[in-house]
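Straight from TrEMBL, the features:
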- C102: active site, glycyl thioester intermediate (ACT_SITE)
- 20-163: domain 'UBC core' (DOMAIN)
Amino acid sequence: MIRLFERKQQKKSQTKKVHPGELRIQKDMEELELPGSCTLDYPDENDVLNFVLIMKPTEGYWKGGTFNFSFHIPTDYPHTAPKVECKTKIYHPNIDLEGKVCLNVLRFDWKPVLTINTVIYGLQLLFLEPNPNDPLNHEAAELLKKDTYGFSQKVKRTMNGNW
């Protein structure tokens, strides 16, 4: 009888605790409608809280590029916004050279009713309509405001590795 109790206790301690964030992200992923230019990759298939969004814009300044964004979902998601970082070096007014992303829904506009879908479409919008009025990369924002052709050329050069 004691051994049976010990086994039950051992089994309980071995089972992984599922955080609310995991449950919610699983629901978000079931309802996910990725744009055609995006795919997801899970570096660790057992870890639903960390994944990579691979974005390949089909129009705009960054057309033809491939940009990887790492997503880290906090255990208290959706009460806390996901952490998103661009892993591909990019010349963009709203993404700095360290990969930090300026997207309102990742900061002060985040609400628990928002989903991963909202974040992904927000990122896609940054590639279609970069916002020079709320920049992280001030140089890129100024160039975009003053000289769209020069900005376009600089984006092309940097996408080819010429920084």
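Note: Cβ is positioned from N, Cα and C throughout, glycine not excepted.
Summarising model confidence by region, the domain 'UBC core' (20-163) averages a pLDDT of 96. Sequence-distant neighbours of the residue listed as 'active site, glycyl thioester intermediate' (same chain, six or more apart, CB under 8 Å from its CB) are N94, I95, D96, N131, D134, P135, L136, listed in sequence order.
Summarised by DSSP class, the composition of the domain 'UBC core' (20-163) is 48 helix, 24 strand, 72 coil.
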